[in-house]
Every structure is written in C-alpha cells, then in structure tokens.
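The next block holds one structure in the form of structure tokens; read it before the comments.
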Amino acid sequence: MAIRRRPWLVTAAAAVCAPWTVRAQPADAVEAEKRAPPLPALGQVWSVPPMELLDGGRFEPRSADGQVLVLYWWASTCPFCAVTTPHLNAFWQRHRQRPGWQLLTLSIDRTREAAVRYLQQRGYAFPVAWVTPEVQRLMPKPKGLPITLVRGRDGRIVMAERGQLFAEDIEAIAQWL
C-alpha cells in the first residue's frame with residue numbers, strides 16, 4: 001500500500017516538533033489556539049478586514065474584490081512555517097506581476113519587531129500584516145499553523161490548508177490565478 005508523502009511527513013514532523021512548539025508559545029497563545037475556529041469550508045464566503053502592513057502600507061479589502069487572494073498565517077517561531085515560507089516567497093517572486101491576484105501574509109508573532117526582524121534576516125518582501133487583537137477579532141486565525149487559504153475571485157474559499165506545504169503544493173495555487 002502506497003503512503004502519500006505529504007501526510008506522512010507532516011505527521012512525523014509534528015510528532016518531533018510538537019513538544020518544542022508548545023514550550024515556545026506563551027500560555028495565552030496556547031489557550032487562544034485551543035479556542036481557534038476550524039479551517040473554513042470550501043465555498044465559504046471569506047471577508048478580510050483592512051490592515052496595516054509592516055512596510056507602512058495598508059491592505060484595503062476592496063482592492064482584492066474580483067481577484068484571487070492568498071492568505072497565509074505564519075510565525076517566526078514555527079518550524080513548519082520555516083519550511084513553507086521560502087516556497088511561498090519563491091511563488092510570490094515568480095507570479096507577483098501577474099494581474100488579478102494578491103498575497104497577504106499574516107504574522108502572529110508576539111511583536112511587530114520580531115516579525116520585521118525575521119523578514120529582514122531572510123530577505124522576504126511579500127506583503128505582511130501583523131495580526132493585532134482587532135484583526136484577530138474581525139478575522140480569527142483558523143486552528144493550526146501555518147494556515148494557507150485561497151479565496152477565489154467570487155470571495156469564496158477554494159483552498160484551505162493547515163500545516164506545512166511543499167513546493168508543489170504552493171505551486172498548485174497557480175491554478176486559481
């Protein structure tokens with residue numbers, strides 16, 4: 001019986017990294033994660049609030065109306081994010097000039113400074129918002145990390161993934177662009 005690579009690797013990595021990940025989070029973050037909603041269902045309408053970007057810009061939801069919107073929640077302390085984010089950055093670099101889509105990544109780091117430092121150290125330049133309590137209230141992060149959602153041109157979820165993604169998983173997002 002063939003074992004699919006991704007589920008097996010994600011399970012193995014989770015077993016190894018889970019104790020470290022829990023210790024790395026403050027108690028309030030662990031409690032918030034326990035209360036986090038599940039991934040949205042495919043076809044569910046997904047609204048995004050306006051947000052300040054770490055580069056000083058602003059994400060305005062109406063700018064994404066009629067466009068594909070890729071949302072990616074991450075943290076600098078997340079081992080699965082450390083593997084997935086370079087693939088997302090490469091995808092962003094390859095497709096950023098393509099019209100009709102936007103990428104909005106959402107850092108759940110404890111401080112803005114931690115997120116900015118992490119981005120600078122790795123040379124990432126994709127759009128990033130820091131998840132403030134207000135953003136979390138208006139658009140709660142689904143349970144897990146990293147979280148990757150793709151909202152179609154009609155405002156409905158067409159892809160919802162929790163956990164580490166491989167290069168081919170990220171590249172599959174192109175089918176909706």
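Even glycines carry a Cβ here, placed using N, Cα and C.
The domain 'Thioredoxin' annotation in TrEMBL covers 30-177. In this model, the domain 'Thioredoxin' (30-177) carries an average pLDDT of 96.
The signal peptide annotation in TrEMBL covers 1-24.
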Counts by DSSP class (helix H/G/I, strand E/B, coil) across the domain 'Thioredoxin' (30-177): 54 helix, 35 strand, 59 coil
